[in-house]
Amino acid sequence: MIYARIAGTGSFLPGEPVSNDDLVARGIDTSDEWIVERTGIRTRHLAARDVTSSDLACEASRRAIAAAGLQPEDIDLVIVATSTPDCIFPSTATLLQSKLGMRNGAAAFDVQAVCTGFVYGLTIAEKFIRSGSHKRALVVGAEVFSRILDWSDRGTCVLFGDGAGAVVLEASDKPGILATALHADGSHHPILCVPGAVASGQVIGDPFLRMDGQAVFKFAVKVLGEVANEVLAESGMEAGAVDWLIPHQANIRIIQATAKRLGVPMEKVIATVDRHGNTSAASIPLALDLAVRDGRIRAGQRIIVEGVGGGFTWGAALLQF
Ligand SMILES: CC(C)(COP(=O)(O)OP(=O)(O)OC[C@H]1O[C@@H](n2cnc3c(N)ncnc32)[C@H](O)[C@@H]1OP(=O)(O)O)[C@@H](O)C(=O)NCCC(=O)NCCS
């Protein structure tokens, strides 16, 4: 039996942390108290103007590849989950491949599932590896969400940040990913979207992120509970058998409500949203890597990673680290 196992993790946050008070100082009509109470976010990172998703992805990927004890050319599949690609085409994954100096002809493509993008990418890579067609996949979530924020909309601009997280997934005869579930329901697209497009040399429509915060909140808690239970059922496990829950890092109150629904105590939840805000597809691999590097996550432990985002999309994976 071929499993897909995580062989290394890496992450990258650009520049210095930007605090809630820094946002107030920049003229945003908000307060540290409001943001912390409603979201748990204390700081986020904002990429410099000339830094792109593939730049952030490259830093995170180098760290993940080094942690796996590999070289970039050992990778035969590159998947980048992003909603803020460097350009319309080519894909951010091929630009990343070039920046990593990979000339081995590895397959490379992007996945667009917004904040569930990393879980989608991980699941796709797992299928490639289990089929035997590929041996080592680099799966990255990388975003510069600061580029699609309306900085005059305090209901959204305080929530998001930039960053990247990456894992190397490797074929193994030891258990790795045990169960996955992916879902989408496009009828919910209006409650979280960037509706604009580029056509005929112009931006057509609204190029900024728009969100109905309360509708998103309710939907997120519901499906994060359901999809975690789905992967538990698929692998024949109870929530108590899981060492760590890593939900999408959007809002501490969504994370707490999800953990409560699942009966998972907060001591078993990795929450890093306070440090980097919602980095969309980057949030789960960022949280995973921070917890691996600070020693909380150890070899052999069971982890559920789960995401929800625009589309709406949602999904989860249960894995043995
Ligand atoms: C966005 C969110 C924090 C807003 O919290 P909320 O309790 O729903 O707040 P509301 O939108 O009802 O706004 C309440 C008040 O706070 C104000 N407010 C909104 N943003 C504010 C800010 N950054 N600072 C200060 N006040 C703010 C509103 O204007 C409103 O004021 P009013 O009562 O005078 O009209 C919350 O809905 C949420 O977290 N939703 C999920 C968002 C998310 O995670 N999205 C990504 C999922 S992938």
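Cβ atoms here come from the backbone N, Cα and C positions, even for glycine.
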> Looking at 89-93, 94-98, 134-138, 249-253, which one is region 'ACP-binding' according to TrEMBL?
Replying inline: 249-253
>> Do any residues, 6 or more residues outside the region 'ACP-binding' (249-253), come within under 8 Å Cβ-to-Cβ of it, and if so which ones?
In response: 38-41, 115, 159, 217, 220, 271-274, 276-279, 283-284, 286-287, 308
> Rounded to the nearest angstrom, how far is the Cα of CYS115 (active site) from the Cα of ASN278 (active site)?
Replying inline: 9
> On the 0 to 100 scale, where does the mean pLDDT of the domain 'Beta-ketoacyl-[acyl-carrier-protein] synthase III C-terminal' (232-320) fall?
Replying inline: 98
> Do any residues at least six apart in sequence from HIS248 (active site), in the same chain, have a Cβ closer than 8 Å to its Cβ, and if so which, in order?
Replying inline: CYS115, THR116, ALA220, LEU224, ILE254, ASN278, SER283, ILE284, GLU306, GLY307, VAL308, GLY309
> According to DSSP, which kind of secondary structure is CYS115 (active site) found in, if we only use helix, strand and coil?
Replying inline: helix
